[in-house]
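Below is one structure; the comments refer to it alone.
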Amino acid sequence: MASGEALTTSAYIVHHLTNNTVGEGFWTLHLDTLFVSGIIGLVAFLGMAKVAKQASSGVPGPLQSFIEILVSFVDQQVKDTYHGRSPLVTPLAITIFVWVFLMNAMDLIPVDFLPLILGVFGIHYLKVVPTTDPNLTFAMSLSVFTIMIVMGIKVKGAGGFFHEVVAVPFGIKLAPVNILFRVIEDIAKPISLSLRLFGNMYAGEMVFILIALLGVWQLPLALPWALFHILIITLQAFVFMMLTIVYLSMASESHG
Amino acid sequence: MNINATLFGEAVWFGVFIWITMKYVWPPLQKAIADRQALIADGLAAGERGRHELELASKRSADSLREAKVKSAEIVVAAEKRALQVIEEAKLAAKVEADKVVASAQAEIAQQVEQARAELRGKVADLAVAGAERILKREVDAKGHAEMLAALQQEL
(Lines of atoms letter the chains of each structure in order from A and count residues from 1; the text may use other names and numbers.)
(Lines give C-alpha, C1' and ligand atoms only; values in the text may rest on other atoms or scores of the structure.)
Protein backbone atom coordinates (compact mmCIF):
# COMPACT_ATOMS: atom_id res chain seq x y z
CA MET A 1 0.00 0.00 0.00
CA ALA A 2 2.92 2.14 -0.83
CA SER A 3 1.06 4.63 -2.90
CA GLY A 4 -1.11 5.55 0.05
CA GLU A 5 -4.33 5.28 -1.95
CA ALA A 6 -7.27 3.23 -0.85
CA LEU A 7 -6.70 -0.10 -2.58
CA THR A 8 -8.84 -3.08 -3.23
CA THR A 9 -7.43 -6.54 -2.76
CA SER A 10 -6.77 -7.15 -6.42
CA ALA A 11 -5.29 -3.70 -6.85
CA TYR A 12 -2.92 -4.42 -3.96
CA ILE A 13 -1.79 -7.64 -5.57
CA VAL A 14 -1.40 -6.10 -9.00
CA HIS A 15 0.47 -3.19 -7.50
CA HIS A 16 2.97 -5.50 -5.88
CA LEU A 17 3.49 -7.40 -9.09
CA THR A 18 4.05 -4.33 -11.25
CA ASN A 19 7.57 -3.45 -12.24
CA ASN A 20 9.01 0.00 -12.07
CA THR A 21 9.40 0.68 -15.76
CA VAL A 22 10.91 3.21 -18.07
CA GLY A 23 10.47 3.28 -21.86
CA GLU A 24 7.79 2.04 -24.23
CA GLY A 25 6.97 -1.22 -25.97
CA PHE A 26 9.85 -3.63 -26.33
CA TRP A 27 12.35 -1.00 -25.29
CA THR A 28 10.99 -0.97 -21.78
CA LEU A 29 13.44 -1.38 -18.91
CA HIS A 30 12.43 -2.81 -15.57
CA LEU A 31 14.42 -0.52 -13.35
CA ASP A 32 13.67 -2.40 -10.14
CA THR A 33 14.84 -5.73 -11.58
CA LEU A 34 17.95 -4.20 -13.07
CA PHE A 35 18.90 -2.26 -9.96
CA VAL A 36 18.15 -4.91 -7.36
CA SER A 37 19.86 -7.71 -9.28
CA GLY A 38 22.78 -5.46 -10.13
CA ILE A 39 23.32 -4.21 -6.61
CA ILE A 40 23.03 -7.71 -5.14
CA GLY A 41 25.45 -9.06 -7.72
CA LEU A 42 27.96 -6.25 -7.34
CA VAL A 43 27.97 -6.50 -3.55
CA ALA A 44 28.24 -10.28 -3.59
CA PHE A 45 30.83 -10.72 -6.32
CA LEU A 46 32.99 -7.70 -5.57
CA GLY A 47 32.91 -8.78 -1.91
CA MET A 48 33.94 -12.29 -2.88
CA ALA A 49 36.66 -10.90 -5.14
CA LYS A 50 37.96 -8.80 -2.24
CA VAL A 51 38.09 -11.80 0.04
CA ALA A 52 39.64 -13.93 -2.70
CA LYS A 53 42.31 -11.30 -3.30
CA GLN A 54 43.41 -11.54 0.33
CA ALA A 55 42.94 -15.29 0.48
CA SER A 56 45.84 -17.03 2.11
CA SER A 57 46.76 -20.66 2.11
CA GLY A 58 47.34 -20.42 5.85
CA VAL A 59 44.59 -20.46 8.45
CA PRO A 60 41.56 -18.85 6.78
CA GLY A 61 39.37 -16.30 8.49
CA PRO A 62 35.66 -16.99 9.03
CA LEU A 63 34.56 -15.14 5.89
CA GLN A 64 37.19 -16.80 3.74
CA SER A 65 36.26 -20.19 5.19
CA PHE A 66 32.61 -19.59 4.39
CA ILE A 67 33.31 -18.58 0.80
CA GLU A 68 35.76 -21.44 0.38
CA ILE A 69 33.19 -23.94 1.62
CA LEU A 70 30.61 -22.51 -0.77
CA VAL A 71 32.97 -22.45 -3.72
CA SER A 72 34.35 -25.92 -2.97
CA PHE A 73 30.81 -27.26 -2.76
CA VAL A 74 29.98 -25.89 -6.21
CA ASP A 75 33.32 -27.08 -7.57
CA GLN A 76 32.61 -30.58 -6.27
CA GLN A 77 29.27 -30.62 -8.08
CA VAL A 78 31.03 -29.51 -11.26
CA LYS A 79 33.73 -32.15 -10.89
CA ASP A 80 31.16 -34.88 -10.31
CA THR A 81 29.12 -33.97 -13.36
CA TYR A 82 31.28 -32.17 -15.89
CA HIS A 83 34.20 -34.22 -17.11
CA GLY A 84 35.58 -31.88 -19.74
CA ARG A 85 38.18 -29.29 -19.02
CA SER A 86 36.94 -25.74 -19.24
CA PRO A 87 37.97 -22.79 -17.07
CA LEU A 88 34.47 -21.37 -17.51
CA VAL A 89 32.21 -24.00 -16.00
CA THR A 90 33.08 -23.69 -12.31
CA PRO A 91 32.99 -19.86 -12.24
CA LEU A 92 29.73 -19.97 -14.18
CA ALA A 93 28.22 -22.40 -11.69
CA ILE A 94 29.43 -20.31 -8.74
CA THR A 95 27.97 -17.17 -10.27
CA ILE A 96 24.61 -18.80 -10.91
CA PHE A 97 24.33 -20.37 -7.46
CA VAL A 98 25.34 -17.28 -5.50
CA TRP A 99 23.44 -14.76 -7.60
CA VAL A 100 20.21 -16.74 -7.88
CA PHE A 101 20.31 -17.64 -4.21
CA LEU A 102 20.70 -14.02 -3.12
CA MET A 103 18.05 -12.73 -5.51
CA ASN A 104 15.64 -15.43 -4.35
CA ALA A 105 16.45 -14.51 -0.77
CA MET A 106 15.00 -11.05 -1.38
CA ASP A 107 11.69 -12.88 -1.12
CA LEU A 108 12.22 -13.20 2.62
CA ILE A 109 12.07 -9.45 3.14
CA PRO A 110 8.48 -8.62 4.14
CA VAL A 111 6.56 -7.67 0.98
CA ASP A 112 5.68 -4.15 2.08
CA PHE A 113 8.97 -3.25 3.70
CA LEU A 114 11.07 -1.96 0.80
CA PRO A 115 8.13 -0.48 -1.19
CA LEU A 116 7.15 1.48 1.93
CA ILE A 117 10.65 2.93 2.36
CA LEU A 118 11.02 3.78 -1.33
CA GLY A 119 7.49 5.21 -1.34
CA VAL A 120 8.80 7.94 0.94
CA PHE A 121 11.20 8.92 -1.84
CA GLY A 122 8.44 8.99 -4.42
CA ILE A 123 9.11 5.58 -6.01
CA HIS A 124 5.74 3.88 -6.08
CA TYR A 125 6.37 0.64 -7.91
CA LEU A 126 8.87 -1.94 -6.78
CA LYS A 127 8.99 -5.64 -7.49
CA VAL A 128 11.81 -6.50 -5.17
CA VAL A 129 12.55 -10.13 -6.13
CA PRO A 130 14.41 -10.03 -9.46
CA THR A 131 13.88 -13.74 -10.13
CA THR A 132 10.11 -13.13 -10.34
CA ASP A 133 10.86 -11.19 -13.52
CA PRO A 134 10.97 -13.55 -16.53
CA ASN A 135 13.34 -11.13 -18.24
CA LEU A 136 16.02 -12.03 -15.76
CA THR A 137 15.45 -15.77 -15.81
CA PHE A 138 15.34 -15.79 -19.59
CA ALA A 139 18.44 -13.63 -19.79
CA MET A 140 20.27 -16.20 -17.65
CA SER A 141 18.94 -19.27 -19.41
CA LEU A 142 19.59 -17.84 -22.88
CA SER A 143 23.12 -16.91 -21.84
CA VAL A 144 23.62 -20.46 -20.63
CA PHE A 145 22.12 -21.70 -23.90
CA THR A 146 24.55 -19.60 -25.91
CA ILE A 147 27.50 -20.83 -23.87
CA MET A 148 26.23 -24.36 -24.38
CA ILE A 149 26.10 -24.03 -28.19
CA VAL A 150 29.49 -22.31 -28.34
CA MET A 151 31.04 -24.93 -26.10
CA GLY A 152 29.54 -27.74 -28.20
CA ILE A 153 31.02 -26.29 -31.38
CA LYS A 154 34.34 -25.61 -29.69
CA VAL A 155 34.72 -29.09 -28.25
CA LYS A 156 33.46 -31.11 -31.22
CA GLY A 157 34.33 -28.71 -34.00
CA ALA A 158 31.69 -27.24 -36.32
CA GLY A 159 31.57 -30.44 -38.40
CA GLY A 160 31.19 -32.70 -35.38
CA PHE A 161 28.51 -30.46 -33.91
CA PHE A 162 26.37 -30.36 -37.03
CA HIS A 163 26.92 -34.03 -37.69
CA GLU A 164 25.54 -34.68 -34.24
CA VAL A 165 22.53 -32.45 -34.97
CA VAL A 166 21.82 -34.31 -38.20
CA ALA A 167 22.69 -37.90 -37.32
CA VAL A 168 21.82 -38.42 -33.65
CA PRO A 169 19.91 -40.39 -32.44
CA PHE A 170 18.48 -42.21 -35.50
CA GLY A 171 21.36 -42.08 -37.96
CA ILE A 172 21.92 -39.94 -41.04
CA LYS A 173 19.00 -41.42 -43.00
CA LEU A 174 16.43 -39.93 -40.68
CA ALA A 175 18.06 -36.50 -40.69
CA PRO A 176 14.83 -34.43 -40.62
CA VAL A 177 13.56 -36.30 -37.58
CA ASN A 178 16.89 -35.93 -35.88
CA ILE A 179 16.99 -32.19 -36.54
CA LEU A 180 13.43 -31.80 -35.28
CA PHE A 181 14.23 -33.72 -32.12
CA ARG A 182 17.38 -31.73 -31.57
CA VAL A 183 15.62 -28.40 -32.03
CA ILE A 184 12.83 -29.35 -29.63
CA GLU A 185 15.34 -30.63 -27.09
CA ASP A 186 17.48 -27.51 -27.31
CA ILE A 187 14.57 -25.10 -27.16
CA ALA A 188 13.14 -26.95 -24.18
CA LYS A 189 16.35 -26.49 -22.22
CA PRO A 190 16.41 -22.69 -21.77
CA ILE A 191 12.65 -22.47 -21.50
CA SER A 192 12.38 -25.06 -18.76
CA LEU A 193 15.42 -23.61 -17.02
CA SER A 194 14.03 -20.08 -16.87
CA LEU A 195 10.35 -20.88 -16.35
CA ARG A 196 11.11 -23.25 -13.49
CA LEU A 197 12.91 -20.55 -11.54
CA PHE A 198 10.44 -17.84 -12.52
CA GLY A 199 7.39 -19.95 -11.67
CA ASN A 200 8.66 -21.06 -8.29
CA MET A 201 9.66 -17.60 -7.19
CA TYR A 202 6.60 -15.91 -8.64
CA ALA A 203 4.29 -18.33 -6.89
CA GLY A 204 6.19 -17.97 -3.64
CA GLU A 205 6.01 -14.19 -3.85
CA MET A 206 2.32 -14.41 -4.65
CA VAL A 207 1.69 -16.47 -1.53
CA PHE A 208 3.58 -13.90 0.55
CA ILE A 209 1.40 -11.14 -0.90
CA LEU A 210 -1.78 -13.08 -0.19
CA ILE A 211 -0.62 -13.73 3.37
CA ALA A 212 0.13 -10.02 3.77
CA LEU A 213 -3.53 -9.32 2.92
CA LEU A 214 -4.73 -11.14 6.02
CA GLY A 215 -3.96 -8.27 8.35
CA VAL A 216 -3.33 -9.40 11.91
CA TRP A 217 -3.29 -13.07 10.96
CA GLN A 218 -0.37 -12.73 8.57
CA LEU A 219 2.31 -13.29 11.19
CA PRO A 220 1.52 -16.93 12.14
CA LEU A 221 1.25 -17.74 8.44
CA ALA A 222 4.10 -15.67 7.05
CA LEU A 223 6.65 -17.23 9.38
CA PRO A 224 6.10 -20.92 8.43
CA TRP A 225 5.84 -19.96 4.76
CA ALA A 226 9.11 -18.03 5.02
CA LEU A 227 10.78 -21.00 6.70
CA PHE A 228 9.47 -23.28 4.01
CA HIS A 229 10.50 -20.80 1.39
CA ILE A 230 14.14 -20.89 2.53
CA LEU A 231 14.16 -24.44 1.22
CA ILE A 232 12.73 -23.38 -2.15
CA ILE A 233 15.19 -20.49 -2.43
CA THR A 234 18.17 -22.76 -1.94
CA LEU A 235 16.73 -25.58 -3.99
CA GLN A 236 15.94 -23.40 -7.01
CA ALA A 237 19.41 -21.86 -6.96
CA PHE A 238 20.92 -25.33 -6.74
CA VAL A 239 18.69 -26.73 -9.51
CA PHE A 240 19.50 -23.87 -11.88
CA MET A 241 23.23 -24.37 -11.23
CA MET A 242 23.04 -28.16 -11.49
CA LEU A 243 21.07 -28.17 -14.74
CA THR A 244 23.48 -25.65 -16.25
CA ILE A 245 26.36 -27.96 -15.42
CA VAL A 246 24.49 -30.93 -16.84
CA TYR A 247 23.65 -29.10 -20.07
CA LEU A 248 27.25 -27.97 -20.52
CA SER A 249 28.46 -31.48 -19.78
CA MET A 250 26.06 -32.85 -22.41
CA ALA A 251 27.23 -30.22 -24.87
CA SER A 252 30.87 -31.18 -24.47
CA GLU A 253 30.40 -34.94 -24.53
CA SER A 254 30.09 -36.84 -27.74
CA HIS A 255 26.91 -38.78 -28.44
CA GLY A 256 28.39 -40.86 -31.20
CA MET B 1 4.83 -11.75 -18.31
CA ASN B 2 6.26 -9.28 -20.75
CA ILE B 3 9.63 -9.79 -22.33
CA ASN B 4 11.45 -6.60 -23.13
CA ALA B 5 14.84 -4.94 -23.22
CA THR B 6 15.39 -5.72 -19.56
CA LEU B 7 16.52 -9.08 -20.93
CA PHE B 8 19.62 -7.48 -22.45
CA GLY B 9 20.37 -5.55 -19.29
CA GLU B 10 20.19 -8.70 -17.22
CA ALA B 11 22.32 -10.58 -19.74
CA VAL B 12 24.93 -7.85 -19.35
CA TRP B 13 24.81 -8.12 -15.56
CA PHE B 14 25.08 -11.89 -15.82
CA GLY B 15 28.10 -11.60 -18.11
CA VAL B 16 29.76 -9.06 -15.83
CA PHE B 17 29.31 -11.28 -12.79
CA ILE B 18 30.58 -14.37 -14.60
CA TRP B 19 33.61 -12.34 -15.66
CA ILE B 20 34.27 -11.13 -12.08
CA THR B 21 33.96 -14.66 -10.73
CA MET B 22 36.10 -16.13 -13.47
CA LYS B 23 38.83 -13.55 -13.16
CA TYR B 24 38.90 -12.40 -9.54
CA VAL B 25 37.04 -14.89 -7.36
CA TRP B 26 37.65 -18.44 -8.51
CA PRO B 27 41.38 -18.52 -9.44
CA PRO B 28 42.76 -17.04 -6.18
CA LEU B 29 40.43 -19.16 -4.07
CA GLN B 30 41.30 -22.26 -6.05
CA LYS B 31 44.98 -21.50 -5.59
CA ALA B 32 44.59 -20.86 -1.86
CA ILE B 33 42.68 -24.12 -1.42
CA ALA B 34 45.17 -26.13 -3.48
CA ASP B 35 48.10 -24.57 -1.60
CA ARG B 36 46.52 -25.35 1.73
CA GLN B 37 45.86 -28.92 0.69
CA ALA B 38 49.50 -29.28 -0.30
CA LEU B 39 50.53 -27.73 3.01
CA ILE B 40 48.35 -30.11 5.01
CA ALA B 41 49.56 -33.10 3.01
CA ASP B 42 53.17 -32.06 3.62
CA GLY B 43 52.49 -31.63 7.33
CA LEU B 44 50.90 -35.05 7.60
CA ALA B 45 53.78 -36.62 5.71
CA ALA B 46 56.28 -34.86 7.96
CA GLY B 47 54.42 -36.09 11.03
CA GLU B 48 54.45 -39.62 9.71
CA ARG B 49 58.16 -39.34 8.95
CA GLY B 50 58.84 -37.97 12.42
CA ARG B 51 56.99 -40.84 14.05
CA HIS B 52 58.92 -43.32 11.94
CA GLU B 53 62.20 -41.68 12.91
CA LEU B 54 61.24 -41.73 16.56
CA GLU B 55 60.53 -45.44 16.28
CA LEU B 56 63.91 -46.05 14.66
CA ALA B 57 65.70 -43.94 17.25
CA SER B 58 64.09 -45.75 20.17
CA LYS B 59 64.99 -49.05 18.58
CA ARG B 60 68.55 -47.84 18.11
CA SER B 61 68.79 -46.62 21.69
CA ALA B 62 67.49 -49.93 23.00
CA ASP B 63 70.09 -51.72 20.89
CA SER B 64 72.96 -49.59 22.13
CA LEU B 65 71.74 -49.98 25.72
CA ARG B 66 71.78 -53.75 25.37
CA GLU B 67 75.22 -53.61 23.78
CA ALA B 68 76.53 -51.44 26.59
CA LYS B 69 75.20 -53.86 29.17
CA VAL B 70 76.92 -56.77 27.47
CA LYS B 71 80.14 -54.83 27.18
CA SER B 72 80.08 -53.74 30.83
CA ALA B 73 79.51 -57.33 31.91
CA GLU B 74 82.50 -58.34 29.83
CA ILE B 75 84.57 -55.60 31.40
CA VAL B 76 83.61 -56.72 34.90
CA VAL B 77 84.58 -60.30 34.11
CA ALA B 78 87.88 -59.20 32.64
CA ALA B 79 88.57 -57.00 35.63
CA GLU B 80 87.91 -59.86 38.03
CA LYS B 81 90.20 -62.08 36.06
CA ARG B 82 92.87 -59.46 36.03
CA ALA B 83 92.52 -58.93 39.76
CA LEU B 84 93.00 -62.63 40.39
CA GLN B 85 96.02 -62.59 38.15
CA VAL B 86 97.50 -59.60 39.96
CA ILE B 87 96.97 -61.32 43.30
CA GLU B 88 98.64 -64.44 41.98
CA GLU B 89 101.55 -62.44 40.68
CA ALA B 90 101.89 -60.58 43.97
CA LYS B 91 101.82 -63.85 45.88
CA LEU B 92 104.51 -65.23 43.63
CA ALA B 93 106.67 -62.12 43.94
CA ALA B 94 106.28 -62.16 47.72
CA LYS B 95 107.33 -65.76 47.87
CA VAL B 96 110.37 -65.09 45.72
CA GLU B 97 111.28 -62.11 47.86
CA ALA B 98 110.80 -64.12 51.03
CA ASP B 99 112.96 -66.92 49.67
CA LYS B 100 115.62 -64.39 48.79
CA VAL B 101 115.51 -62.87 52.25
CA VAL B 102 115.66 -66.29 53.86
CA ALA B 103 118.56 -67.30 51.65
CA SER B 104 120.52 -64.17 52.43
CA ALA B 105 119.82 -64.58 56.12
CA GLN B 106 121.01 -68.16 55.98
CA ALA B 107 124.09 -67.08 54.07
CA GLU B 108 124.82 -64.46 56.71
CA ILE B 109 124.25 -66.94 59.47
CA ALA B 110 126.61 -69.36 57.79
CA GLN B 111 129.17 -66.66 57.37
CA GLN B 112 128.90 -65.65 61.01
CA VAL B 113 129.13 -69.25 62.12
CA GLU B 114 132.26 -69.58 60.03
CA GLN B 115 133.69 -66.42 61.50
CA ALA B 116 132.87 -67.49 65.04
CA ARG B 117 134.43 -70.85 64.39
CA ALA B 118 137.56 -69.19 63.07
CA GLU B 119 137.68 -66.94 66.11
CA LEU B 120 137.05 -69.88 68.37
CA ARG B 121 139.78 -71.81 66.64
CA GLY B 122 142.17 -68.96 67.24
CA LYS B 123 141.12 -68.66 70.82
CA VAL B 124 141.38 -72.45 71.40
CA ALA B 125 144.89 -72.31 70.00
CA ASP B 126 145.74 -69.34 72.19
CA LEU B 127 144.16 -71.10 75.15
CA ALA B 128 146.09 -74.26 74.36
CA VAL B 129 149.23 -72.26 73.97
CA ALA B 130 148.54 -70.41 77.21
CA GLY B 131 147.83 -73.72 78.96
CA ALA B 132 150.90 -75.30 77.51
CA GLU B 133 152.91 -72.17 78.36
CA ARG B 134 151.85 -72.46 81.93
CA ILE B 135 152.66 -76.12 82.03
CA LEU B 136 155.92 -75.80 80.26
CA LYS B 137 156.96 -72.41 81.64
CA ARG B 138 159.50 -73.82 83.77
CA GLU B 139 161.41 -75.91 81.40
CA VAL B 140 160.69 -74.98 77.84
CA ASP B 141 162.07 -72.23 75.74
CA ALA B 142 159.03 -70.10 74.97
CA LYS B 143 160.40 -68.76 71.75
CA GLY B 144 161.25 -72.06 70.13
CA HIS B 145 157.93 -73.58 71.00
CA ALA B 146 156.01 -70.52 69.84
CA GLU B 147 157.39 -70.98 66.35
CA MET B 148 156.37 -74.58 66.34
CA LEU B 149 152.90 -73.76 67.61
CA ALA B 150 152.39 -71.08 65.01
CA ALA B 151 153.23 -73.62 62.35
CA LEU B 152 150.74 -75.97 63.93
CA GLN B 153 148.15 -73.26 64.01
CA GLN B 154 148.56 -72.73 60.26
CA GLU B 155 147.96 -76.40 59.72
CA LEU B 156 144.63 -76.38 61.50
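The backbone N, Cα and C atoms fix where each Cβ goes, glycine too.
For reference, TrEMBL has these:
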- A:27-47: transmembrane segment (TRANSMEM)
- A:86-102: transmembrane segment (TRANSMEM)
- A:108-126: transmembrane segment (TRANSMEM)
- A:138-155: transmembrane segment (TRANSMEM)
- A:161-181: transmembrane segment (TRANSMEM)
- A:202-220: transmembrane segment (TRANSMEM)
- A:226-248: transmembrane segment (TRANSMEM)
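Three or more CB pairs closer than 8 A are found between the transmembrane segment (A:138-155) and the transmembrane segment (A:86-102), so contact between the two stretches is assigned (pairs 6 or more residues apart).
Each of A:108-126, A:161-181, A:226-248 was scored by its Cβ pairs under 8 Å to the transmembrane segment (A:86-102), and the highest score goes to A:226-248. Within the chain, the transmembrane segment (A:27-47) has long-range Cβ neighbours (under 8 A, six or more residues past its boundaries) at 19-21, 95, 98-99, 102-103, 106, 125-130, 133, 135-136.
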